[in-house]
Amino acid sequence: RCVEVFYIYFRAGRVEEPYVSITKKRQMPKDGYSEEIEKEVGQAEGKLCTHRSAFSRASVIQAFLGSAPQLTLQLYICVLQQEITAARSIFMVLSLLSIVYGALRCNILAIKIKYDDYDVSVKPAAYLCIFLWRSFEIATRVTVLVLFSSVLQIWILPVVLVNFFGFFFYPWILFWQSKSPFPENIEKALSRVGTTIVLCLLTFLYAGINMFCWSAVQVKLNDPDLINKSQNWYRLTVYYMLRFIENAFLLLMWYIYKTDIYLYVCAPLLVLQLLIGYCMAVLFMLVFYQFCHPCKKLFSSSVSEGLLSCFKFLCFVCKPSKSIILTDKAEVKSSENTDEAWGSSKTIDSQKGNPHQSVSSNA
């Protein structure tokens, strides 16, 4: 692909192309109006766009199936040996940048796939927010996994397997629940077995991404494009809440079972820094979706509205307990009132039954 890209690039413009294709893109709405723009795309430019898209996907695969395990392993070795060499630190920084770049490309791909009909232009502020968001999220996640595995080597295996197979089977479970027909239009040359292998590889990559960070591209097997193009704020909220709880639990286990290699480490401060780092990742994510997303005008609901609805839901959940307390109090008061009424009626009846006693008492 690289050789063909350079060959096409240096030959572009020298020979007149036999035909061009016309693409139609819509601009972002301004004052409620959206204009449609037609653009001529030559054969060479179309091939370059195809190769660029393939490079973006390859960078995501290389980041989460290559650099992420490599960074985890290198950091684990440094922790056990209690030594960080210059060469190893350089490789770890490069691996971290590779993972962050892959996650950034994954975000951009998700935006372009979901809003394919629009002319999307990503501003530098959006790139900066995504970079900070992914840097904090991935760095804290890898550090938490390494700390936990350094003291509980056996128990890291169930943690990894539950995470991986949970995200691997999640798209398949949704597909089986939808009762949709098996996708046949992925590639005409592929058989049913080949299509199954391709879908398994896709969900394998999806699980590998979600092991370390939130996958901006959500797999949906019953969709013709295999991508969920709707913006699901609740799924995003549930993911980060569960991930935060998991990280806190793993850090707690590390704090309880830490060995002598952490004798000169301030464990409470390290735990606090990692939790704050993950909260910083969530903060930059909220800033990106609220202010820097290139298609925020197309959202049916913003992040602030989503958070407000979550708070309303929590308040609604808490209301029944209060209503139960109020009903209990009302029942107690009503029982007291009935007792008083019964007592007063009893005294009235007694007075009616013994008039001489009431006269003497009045006297």
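Just so it is clear, glycine is given a Cβ too, placed from its N, Cα and C backbone atoms.
Sequence annotations record features per position, and here TrEMBL assigns transmembrane segment to 86-104 (among others). Within its own chain, the transmembrane segment (86-104) is flanked in space by residues 59-64, 66-68, 70-71, 74-75, 77-78, 127, 130-131, 134-135, 137-139, 142, 209, 212-213, 216, which lie at least six positions past its ends and keep a Cβ under 8 Å from the stretch.
Among the features that TrEMBL reports, transmembrane segment is placed at 154-175 (among others). Packing against the transmembrane segment (154-175) from elsewhere in the chain are residues 145, 148, 203-204, 206-208, 210-211, 219-222, 250, 253: each is 6 or more residues past its ends and has a CB under 8 Å from a CB in it.
The annotation transmembrane segment is assigned in TrEMBL to 196-217 (among others).
Listed by sequence, the residues of this chain that lie at least six past the ends of the transmembrane segment (237-257) yet keep a Cβ under 8 A from its Cβ atoms are 140-141, 144-145, 147-148, 150-152, 155, 159, 210, 214, 267-268, 271, 274-275, 278-279, 282, 285, 306, 310. Summarising the annotation, TrEMBL assigns transmembrane segment to 237-257 (among others).
Summarising the annotation, TrEMBL assigns transmembrane segment to 269-291 (among others). Same-chain residues lying 6 or more positions outside the transmembrane segment (269-291) and placing a CB less than 8 Å from one of its CB atoms are 125-126, 129-130, 132-137, 139-141, 143-144, 214, 240, 243-244, 247-248, 251-252, 255, 302-304.
The region 'Disordered' annotation in TrEMBL covers 332-363.
What TrEMBL records for 344-363 is compositional bias 'Polar residues'.
Outside the transmembrane segment (196-217), and at least 6 residues removed from its termini, the chain residues within Cβ reach (under 8 Å) are 60-61, 64-65, 68, 99, 103, 106-107, 109-111, 113, 134, 137-138, 141-142, 160, 163-169, 171-172, 183, 186-187, 190, 226-227, 236, 239-240, 285.
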